[in-house]
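Asks: Below you will find the structure I want to go over with you.
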Amino acid sequence: MQLSILTSCLNDVITKYLATRLPACQICFFRFCFGSLVLLPIGCYKYALTTTRFTLHLVRGFFLAVAMGLYCYGLAYVPMSTAIVIGFTNPVFVLILANIFLRENISWPIWLATLLSFVAIVIVFQPTMVNHYMAALACIAATVVFALLDVINKRYISREPMLALLFFSNAVAAFCIFPFAYLSWQKPTLVQLLSLGLLGIGSNLILYFLLRAFALAAVTALAPIKYTELLYSVLFGILFFNEWPLGTTYIGAACIIAATSFVAYYQNRL
């Protein structure tokens, strides 16, 4: 689990570095391309790149392109720690979207936790939104779209081979975002191209390490470890970008962690 979190934070470092030099859509395009190219020989060797639900992959790929495009744009302007804290609200948005699309009931304590999360988002973004409100909104929108992807995964992909899922999602996302990348295309340098390649490889490693963690330990035991991502993001933000988190970031993080932890605890009781 720690390897998945560490890889995710390192990917954010690379993304933020590249986002000051290349358009967000182009970064995402290369990320998806390299992510699918790395999987292609493995999938062919194991005969795992087959699917009967290509429409599902089209939908997932489209939303993945939207989510990553928004996140990459937001990460270019807001501190890493702020983006990570907002990402912690994902479980809350999953519950709301599951209620809308899957008709899952939500009890009033969960709604209170949701309200606390929204208050925390305002606290975290209050200083940021003065100068970069569009980037702040992009981070929130990205979290919502990622939550929508989780709802789709929960409902539809339980029987899909993991290699096929990763490959087609990356390939479709690259196809969807290419027109926007082409319109703002800038020729990447060799260093940037290597960084983009690492970004694609890292995106696959994040999920691989995460799945290995779920295979070795219970989800409830792993859930609290997720919040160590904030420590990595603060450390890397200071080391690489001289980003010192504000007090509001810690206050908002405490509220969000409390809310999402309560949601996990309450859901496990049912």
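Positions of Cβ are set from backbone N, Cα and C atoms, glycine also.
Fair warning: this is a prediction, and the values are worked out from it, not measured in the lab.
Feature list, courtesy of TrEMBL:
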type: DOMAIN; residues: 6-125; note: domain 'EamA'
type: TRANSMEM; residues: 20-42; note: transmembrane segment
type: TRANSMEM; residues: 54-76; note: transmembrane segment
type: TRANSMEM; residues: 82-102; note: transmembrane segment
type: TRANSMEM; residues: 109-127; note: transmembrane segment
type: TRANSMEM; residues: 133-152; note: transmembrane segment
type: DOMAIN; residues: 135-263; note: domain 'EamA'
type: TRANSMEM; residues: 164-185; note: transmembrane segment
type: TRANSMEM; residues: 191-211; note: transmembrane segment
type: TRANSMEM; residues: 218-241; note: transmembrane segment
type: TRANSMEM; residues: 247-266; note: transmembrane segment
Asks: On the DSSP side of things, how many residues of the domain 'EamA' (135-263) fall into helix, strand and coil, could you say?
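Replies: Result for the domain 'EamA' (135-263), in helix, strand, coil order: 111 helix, 0 strand, 18 coil.
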Asks: With the transmembrane segment (20-42) as the reference, find which of 54-76, 133-152, 164-185 contributes the most Cβ pairs under 8 Å.
Replies: 164-185
Asks: The transmembrane segment (164-185): which same-chain residues, six or more beyond its ends, come within Cβ distance under 8 Å?
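Replies: Residues packing against the transmembrane segment (164-185) from afar: 23, 25-26, 28-29, 32-33, 35-36, 39-40, 43, 48-51, 54, 57-58, 60-62, 64-65, 68-69, 157, 200, 203-204, 207.
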Asks: Let me know the model's mean pLDDT on the domain 'EamA' (6-125).
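Replies: The average pLDDT of the model in the domain 'EamA' (6-125) works out to 86.
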Asks: For the transmembrane segment (54-76) and the transmembrane segment (133-152), does the number of C-beta pairs under 8 Å, pairs 6 or more apart in sequence, reach 3 or more?
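Replies: Checked: the transmembrane segment (54-76) vs the transmembrane segment (133-152), in contact.
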Asks: Pull the DSSP breakdown for the domain 'EamA' (6-125) and write it out as helix, strand, coil residue counts.
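Replies: Residue counts in helix, strand and coil order: 96 helix, 0 strand, 24 coil.
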